[in-house]
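> Below you'll find the structure I mean.
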């Protein structure tokens with residue numbers, strides 16, 4: 001998917017930086033624990049990356065177009081809660097079967113779409129700062145899920161959960177569904193970012209929305225599309241998330257927004273917009289997940305310091321890129 | 001900050017007509033329902049208040065839930081300023097920031113009941129109602145030791161790094177000392193289902209043989225069980241959670257071998273505190289002192305008495 005850059009005379013550090021960090025982590029993990037490269041662990045790491053990863057692909061477009069969305073973690077929790085409520089409510093009439101799963105999936109996609117559209121509407125039509133709008137919706141969705149769950153946990157009916165479980169745990173040829181869906185989202189995202197008009201318009205708006213406007217880019221519409229797409233991808237991630245534990249509570253998806261944003265930035269997308277790199281985001285997500293995985297697999301540091309190690313590696317991965325930026 | 005009248009206190013103040021002279025007001029200030037245990041605590045606080053308002057017409061209650069320590073300070077100041085409370089039942093969000101404000105309430109002459117988390121200055125409270133964290137760890141450890149008479153390898157999931165968590169783990173470690181139980185891994189699952197799922201997956205990748213898991217909390221036990229099930233491992237004999245979540249107590253009651261027991265840390269301790277405070281106001285019974293609610297081992301034999309199907313937790 002990625003073009004190996006060695007052949008070119010000038011290799012940008014911003015391309016090598018995240019890849020080098022990822023390789024260093026993999027080597028470190030493999031040296032510290034023999035099970036690290038085992039198929040089970042690789043499968044675990046990839047499927048747990050899928051939630052944040054799918055969301056982060058959408059976030060790449062939002063950030064490239066000069067926006068930001070802080071609400072995705074809360075939105076995922078709310079969509080998951082809503083999905084569970086709808087499925088439990090439909091259980092007596094539909095029974096356990098494929099239709100009720102499809103209903104749940106449709107609920108998640110529609111709810112995500114509407115939530116993304118609302119963010120986009122407030123930002124593009126009413127012209128409010130994305131930071132403020134999504135900070136507000138972050139609080140709203142978090143409260144709504146707490147309220148829906150009455151302060152506790154929303155749980156999917158046990159029989160239904162057992163039926164739905166293969167969507168997270170099952171797969172084709174030993175590759176689980178979350179990994180497959182993640183891969184498909186990434187490939188489509190990469191194509192959209194590189195070779196579609198939409199991707200180029202996102203970058204144009206992110207670097208200078210005035211110039212983009214005079215170049216007859218429909219700024220509002222493209223921006224709106226990025227938020228709607230992100231909302232939809234939150235719905236997709238939720239479809240994978242719910243069958244895992246079959247529950248949602250106010251602690252679901254906490255800090256997912258920051259992990260997604262961190263992954264996007266580690267991957268080389270500019271926080272101020274104008275340039276986005278979908279495959280870089282994937283590297284970023286894998287780096288973040290691997291740090292936690294390696295720390296759990298070893299007694300390398302006190303668990304109290306896990307957060308510090310994570311922070312250090314995030315900053316390092318970005319410092320590696322910065323060095324090379326000519327004239328930046 | 002006294003001029004900042006919270007919407008809640010204001011609306012309550014407006015809704016209640018002029019009170020009779022001998023009506024006494026009890027203020028209850030607790031953290032909002034941000035996780036399962038706190039949700040249960042909110043439920044039991046409301047249930048206790050409903051019951052007491054019915055039983056004692058001369059008592060009036062103000063309940064405020066706060067999502068952070070600052071909000072809780074405002075709530076308490078509003079209670080004093082607008083409702084002139086006779087007693088305060090408070091479960092402090094954090095000890096330090098709440099100590100001063102509660103001290104001020106005490107100075108106004110009100111009765112103070114502190115629940116679960118102590119204040120940083122001793123002697124402010126008239127009544128202290130709390131769970132027993134070292135005891136929680138000890139009972140869990142003793143159960144582990146008795147369930148594995150020949151010893152074995154266990155992994156431990158810890159909560160959010162706090163004093164509560166440290167006291168529990170220390171109690172646990174002291175109880176299993178010399179019992180031939182080897183703790184082969186200990187990580188923070190942050191009392192969170194998703195985090196504990198991830199940590200348990202990694203424990204399973206790292207250790208080929210795990211005999212039992214001390215999940216130390218029922219939310220974490222949910223994540224641990226899902227990870228074990230997904231990995232298809234049958235070396236793990238049982239998982240010991242804690243806190244008495246209704247789904248888990250139900251499984252103990254049904255004789256599930258993976259969940260053979262539970263250790264209580266009841267969110268209903270808030271009800272104990274409110275009830276005793278009310279008794280202190282309406283009767284001559286002396287109620288000052290410390291009331292420590294022991295952590296009890298829930299087994300299939302006694303599980304029914306700990307099962308509250310209506311509670312959210």
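The backbone N, Cα and C atoms fix where each Cβ goes, and this holds for glycine too.
No curator has checked TrEMBL annotations; they are predicted automatically.
From TrEMBL, for reference:
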- A:12-33: transmembrane segment (TRANSMEM)
- A:45-63: transmembrane segment (TRANSMEM)
- A:70-90: transmembrane segment (TRANSMEM)
- A:96-118: transmembrane segment (TRANSMEM)
- A:125-147: transmembrane segment (TRANSMEM)
- A:167-188: transmembrane segment (TRANSMEM)
- A:224-242: transmembrane segment (TRANSMEM)
- A:254-271: transmembrane segment (TRANSMEM)
- A:278-295: transmembrane segment (TRANSMEM)
- A:301-320: transmembrane segment (TRANSMEM)
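I'd like these features described in context: how deep, what's nearby, how far apart.
Within its own chain, the transmembrane segment (A:96-118) has Cβ neighbours under 8 Å at 71, 75, 78-80, 82-83, 86-87, 90, 137, 141, 159-160, 163-164, 167, 224, 227-236, 238-239, 242, counting only residues six or more beyond its boundaries.
Among residues of the same chain six or more beyond the transmembrane segment (A:167-188), those with a C-beta under 8 A of the stretch's C-beta atoms are 1, 39, 43, 46-47, 49-51, 53-54, 57, 101, 233, 236, 239-241, 243-244, 278-279, 282.
Proximity of distant same-chain residues to the transmembrane segment (A:254-271), defined by a Cβ-Cβ separation under 8 Å and at least 6 residues beyond the stretch ends, is recorded for 14-15, 17-18, 21, 51-53, 55-56, 59-60, 63-64, 68-74, 76-77, 138, 206, 277-285, 287-288, 314, 317-318, 321.
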> I'd like to know if the transmembrane segment (A:224-242) touches the transmembrane segment (A:70-90) in this structure, counting it as a touch only when three or more C-beta pairs sit under 8 Å and are separated by 6 or more positions.
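Answer yes, regions in contact.
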> Sequence-remote contacts (6 or more beyond its ends) of the transmembrane segment (A:301-320), Cβ cut-off under 8 Å?
13, 16-18, 20-21, 25, 262, 265-266, 284, 287-288, 291-292, 295
> Establish whether the number of Cβ pairs under 8 Å between the transmembrane segment (A:12-33) and the transmembrane segment (A:278-295) reaches at least three, counting only pairs separated by 6 or more residues.
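Yes, the stretches contact each other.
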> Given the transmembrane segment (A:224-242), which of the listed stretches A:45-63, A:125-147, A:278-295 has the most Cβ pairs that are under 8 Å apart from it?
A:45-63
> Can you tell me which parts of the same chain pack against the transmembrane segment (A:45-63), counting only residues 6+ beyond its ends and a CB-CB cutoff under 8 A?
69, 72, 76, 168, 176, 178-179, 181-182, 185-186, 189, 192-193, 199, 202, 206, 226-227, 229-234, 236-237, 240-241, 256, 259-261, 263-265, 267, 269-271, 273, 276-278, 281-282, 284-286, 288-290, 293
